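Features as listed in Swiss-Prot:
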ACT_SITE  SER129  active site, phosphoserine intermediate
BINDING   SER129, ASP269, ASP271, ASP273  Mg(2+) binding site
MOD_RES   SER129  phosphoserine
Amino acid sequence: MVASLSYQNGQKARSHPLLSLAGLIELPPSPLFGTDGIRGQVGELLTAPLALQIGFWAGQVLKNQAGVTKPIIIGQDSRNSSDMLANAITAGLTWAGIEVWQLGLCPTPCVAYLTRESEAMGGIMISASHNPPEDNGIKFFDSSGLKLSGTLAGQIEAGLRGNLELADNSVNWGKATFCPELIQKYYQAVIASVGTDINLSGLKIVLDLAWGAAVNLAPLVFQTVGAEVICLHDRADGDRINVNCGSTHLESLQAAVINQQADLGFAFDGDADRVLAVDSQGRVVDGDYILYFWGRSLLEAGQLPDGLLVATVMANLGFERAWQKLGGQFLRTAVGDQHVQAQMWETGAMLGGEQSGHILCHHYGVSGDGMQTALHLAALVQKSAVSLANLVDHSFVTYPQILRNVRVEDREVRRNWQQCEPLRREIRKAETAMAEKGRILVRASGTEPLIRVMVEAETLELANFWTERLVAAVRSYLL
């Protein structure tokens, strides 16, 4: 029997023995769910008792939505805390009567793909993406492999806060099975997405695997299609995941590409849902360039309806104007791949992504996939018969763009920063002064305790000037 759920109108529900754990858990007053599930420092926000309850309520909510009981798939990255959180969530899910298929170490897009292809009830990934090792997170996917809607996330949180009641309290234990063999299906799908005739022989590629989720699969993918592969940070290491490596620290990849005289390199983040590239000269090829190259290829093949690309407010003006010169349309969304995804579904766009390297191509799937993106870019380089460096040279010139982060520990201050009128006044002053010469974006990070300040201008001098002014204002008014 599938339990039905109801809200308690402010009354604490006490309809299941699992709620006896509530005394062990102190939840922050602000919402647990951010832009990418639940994320925080392990031992503070994220604990085993909380993960147990998250598993239980996620199982109840997904079961109620589906109307039937099907398995839930769980994957994880290499963090030291990932085993603990995965097992605690599994315990909660099986308490809710859900069958669990555990994949072990795998990329986030693997969970999304297998959830969709196996018609599972949902998927869960234990990862804090690009965050440092002491953090971790819990990402949720619905049966379509899409990130969980705000409505369903809100229901899970209502259960955690004791504001959701089960109409049926009967207990039917679920079973947990370790199924790493399922990962092979994802590996095959990634290669199949570029066609069976792909051959990257002659390309020397450096992969920075960030001590994370891609260490087993990414080298195998590129070796299978004929590339010469050199790997950095290529073991699962929970102490070093993302530390001075991966997509947020490209220095070691840049040096390796130059020293090894490689054609190009790719850097993944901890869960491999995003990727950045480096050309043979050591220059960073970010998500804007990747979207431009892949988009132009699809446009020339007649596979990009209305020439439409979806990017975010972080996308460089140089990229936008270059794309428009090709005759394409360019839409911007708020930061976050879930916002890009929503705009793509709404408009029918087939390609979108973020400067940070989250790229979504609906021709091949519904989630951002670092390995798939890297493979398609490498195939595009091979097909073009010119180097990635040459493609960059003949694409577009970026406007100087500076991004600075200000650490703000107070969660409520970060959440309500836009109510700070003196800071808003400083931002308006900067926007007026910049006029058509650039852009300003101040926002709270959805995944880290940071206020991000981005200034883009026609000259580096102008960008530096207003960045320093705004960073000083954030520190003055929010700290």
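Every residue gets a Cβ built from N, Cα and C, even glycine.
What you are looking at is a predicted structure, and each value in this text was computed from that prediction instead of being measured.
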With an 8 Å cut-off on Cβ distance to the SER129, ASP269, ASP271, ASP273 Cβ center, who else from the chain surrounds the Mg(2+) site? ASP77, PRO107, THR108, SER127, HIS130, GLY212, ALA213, PHE268, GLY270, ALA272, ARG274, GLY370
How big is the Cα-to-Cα gap, in Å, between ASP269 (Mg(2+) binding site) and SER129 (active site, phosphoserine intermediate)? 6
To the nearest whole angstrom, what is the C-alpha distance linking SER129 (active site, phosphoserine intermediate) and ASP271 (Mg(2+) binding site)? 5
Spatial neighbours of ASP271 (Mg(2+) binding site) that are distant in sequence (at least 6 apart) but have CB under 8 A: ASP77, PRO107, THR108, MET125, SER127, SER129, GLY212, ALA213
So how many other Cβ atoms are close to ASP269 (Mg(2+) binding site), meaning within 10 Å of its Cβ? 32
Measure the Cβ-based neighbour count of the residue listed as 'active site, phosphoserine intermediate', defined as the other Cβ atoms within 10 Å of its Cβ. 29
